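> Below: one structure in C-alpha cells.
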Amino acid sequence: MAERAPEPGAEAEAGAGGEAAAEEGAAGRKARGRPRLTESDRARRRLESRKKYDVRRVYLGEAHGPWVDLRRRSGWSDAKLAAYLISLERGQRSGRHGKPWEQVPKKPKRKKRRRRNVNCLKNVVIWYEDHKHRCPYEPHLAELDPTFGLYTTAVWQCEAGHRYFQDLHSPLKPLSDSEPDSDKVGSGLVAGSSDSSSSGSSSDSEEPPETQPAKASAAAAALTPASPTGSSGLITQEGVHIPFDVHHVESLAEQGTPLCQNPAGSGPEALETVVCVPVPMQVGTGPGTLFENMPQEALGEVVASCPVSGMVPGSQVIIIAGPGYDALTAEGIRLNVAAGGGTPSSSLGEEVPCAMMEGVAAYTQTEPEGTQHSTMDTTSIASIETKKEKEDLYMLKEEKEDSVAPELAELAATVPENAEAEAEVDGEELDSSEMSAIIYEIPKEPEKRRRSKRSRVMDADGLLEMFHCPYEGCSQVYVALSSFQNHVNLVHRKGKTKVCPHPGCGKKFYLSNHLRRHMIIHSGVREFTCETCGKSFKRKNHLEVHRRTHTGETPLQCEICGYQCRQRASLNWHMKKHTAEVQYNFTCDRCGKRFEKLDSVKFHTLKSHPDHKPT
C-alpha cells in the first residue's frame, strides 16, 4: 500500500509548533544576556572574521625578533611603531636626507631666558617677600656670571635651591666715540661703564672663598634702582619705605688704600659716584627684624668710593644694612647724610636713589684690578676724613604712618600681579626706563609630594633593588617595596577574604574595590557603548578590546611564533601551546568540558548552563 505524502498544511502546522516549542525552551533556558548563536552561525562568523583580518595581518618573518626588541625598548604598540616608521619614510621622501631608521625627531629648542626689569629694586623686594613666605631659608648671592660683555648675571639662591636671576647693567648708557678715555673707569665701586662692571667680576672657580663676598659687593654696586615712584630711601624687609635726603656723604677707609681714580680728560658726565652707607639701626622689633641673626663682627671693612666733585644726577647710594654698625664706627668711619647743600655733593639735588643689600657677609678691603697708585688723584684722597664721633654718623627721617600706608598698599597690590606675570608672560615689551632684566624664579613645590617612583630602593651600585617573594612556589619579583609588601600581605598572609554575595557565584577577591568592580557583571548595567556599532559593555576594558575589531589593531603578539591577537586572554591561551602539557583536572558535569582551574568551571557553568543549579 503506497504511503500517502503528508499534507502541506499539516507540515506547516507541525513546523510552526516545533518552532514555538523551541522558542519556549530557549526562553526557559535564558537567564541573562543575549541568546547564544548556533554552532553553524558561530562557525560562519568566525570564518568571516578571519577573512576580514587576514588581509590586515602582517607576518614579519626573520625580522620578528628585532621588531619585538624594538617594541619592548620603546614601549609602543605595533600600530604606533609602524606609524612612526611610515612617518619617517614620508619625511625622507619629502626631501630629508638620511636613512629612516637613523632619523631621530629633533628636540624642541629650549626657550631663551628673556631679560626684563634691570636693576629694579622693587622686583627684588617683591621676590624677597614672596620667598620669605614660601621658604624658611635666607637667600644669598651664590654666583656672578659675566657671560656677556654688556651685563653680569647675579644669582641669588637659598639653601633650598630657590634662585633669582638679576642682570646687572652699567648704570650709564654707552658713551660716544668722541670720549674713548671716559669708557675706562676703575673696576671698584665706581661703575662708569659696562666694561668696568664685567671686568671686575670673575668666576667662582678662579678666586678663593675669602674674596668672593668682596667681589659680590663690587658687582652688586653696579645696580641702578628703577623705583617707580622716583623717591629715594630704604625699603625694609617688611616693605616699609623710609625716605631721606642726602646733604653730604663722606666715607673713609684705612690710610693708603686706593679707593677710586679720576682719569684725566673725563668730564662729569663720564663718572657716577656709588657710596656704601651702613644702616645704624634695625628696622622693627622682635623676631623677623632686619638681619636679626647676623653677629656683630659680621661686617668688617667696607669698600667705599669717594664722592667726586661735579657728581652727576642719577648717582646712587648702596646701603649695606646690618647690626654690625658699631663695629664700623669703631674703625673710624663717618658718614653724614642730612638735608641741605653747600658741599660738592649738593649738585645731586634733593633726592639720590639708593639700593639695599641684605644678608651682607664680612667684607674685606680689596684692591681693584688695573688700579695704579701713581694715577690716583690727590684731591680725591684728600676728601676722605677720619673721625671717631658717633653722633654725626647717619640721619634717617621716619615717615609718618599716613604717608607710609598708601605705599604699603601699592606694594602689596603689586606683589601677586608682578610675581605671576614675570613667571608666566615672556613676550611683554618693557618700558624705556627699564634697561634689562630681573627674572623671578621660585619653583613652586607641590602641595602633596608624590611617592618617589613608588618607594623604589637603590643599591650601592646605583641599580634598582629587586624584591623576590620569599614564599615557596611563588616567583613574583618587584622593584617597588610597597608593591612587594602588598603582595606578601594580601596573597600569602591575608588571602582572598572578599566573597561575591551573588547566588551561585562565590568568587573571592583580595580587595573591596575588586569585588565592587566584579559586582557590575551581576548588575546587568552596560554603560560603555561602542560609537561605531552601538554595542554596549559592562566594563571599559571590554569596550577597548571590542574597538580593535573595528580598527584591526592586534597589539598583543606571541614572541615565539608571531601570533597576534586583540586581548590578553587569547594570548594566554595561545601560550599554552608552547609550554609543557597543561593538566586539565576539572570537568564540567553537564557537557564534560575540561578546565585547568575550578573557577573556570564555575564561570563556564554560569555562562553555558545557566539553568543548572550548582550544588
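The chain as shown is numbered from 1 upward.
Note: Cβ is positioned from N, Cα and C throughout, glycine not excepted.
Heads up, here are the entries from Swiss-Prot:
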- 7-25: compositional bias 'Low complexity' (COMPBIAS)
- 106-115: compositional bias 'Basic residues' (COMPBIAS)
- 192-203: compositional bias 'Low complexity' (COMPBIAS)
- 212-232: compositional bias 'Low complexity' (COMPBIAS)
- 1-46: region 'Disordered' (REGION)
- 93-115: region 'Disordered' (REGION)
- 174-235: region 'Disordered' (REGION)
- 467-492: zinc finger (ZN_FING)
- 498-522: zinc finger (ZN_FING)
- 528-550: zinc finger (ZN_FING)
- 556-578: zinc finger (ZN_FING)
- 586-609: zinc finger (ZN_FING)
> So what pLDDT does the zinc finger (586-609) average out to?
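Summing pLDDT over the zinc finger (586-609) and dividing by its length gives 85.
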> Taking DSSP states H, G and I as helix and E and B as strand, how many residues of the zinc finger (586-609) are helix, strand and coil?
11 helix, 4 strand, 9 coil
> Six or more residues beyond either end and a Cβ under 8 Å away: which residues meet both conditions relative to the zinc finger (556-578)?
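That would be 57, 59-60, 64, 68, 78, 545, 548-549.
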> Tally of helix, strand and coil residues over the zinc finger (467-492) according to DSSP?
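Summed over the zinc finger (467-492), the classes give 12 helix, 5 strand, 9 coil.
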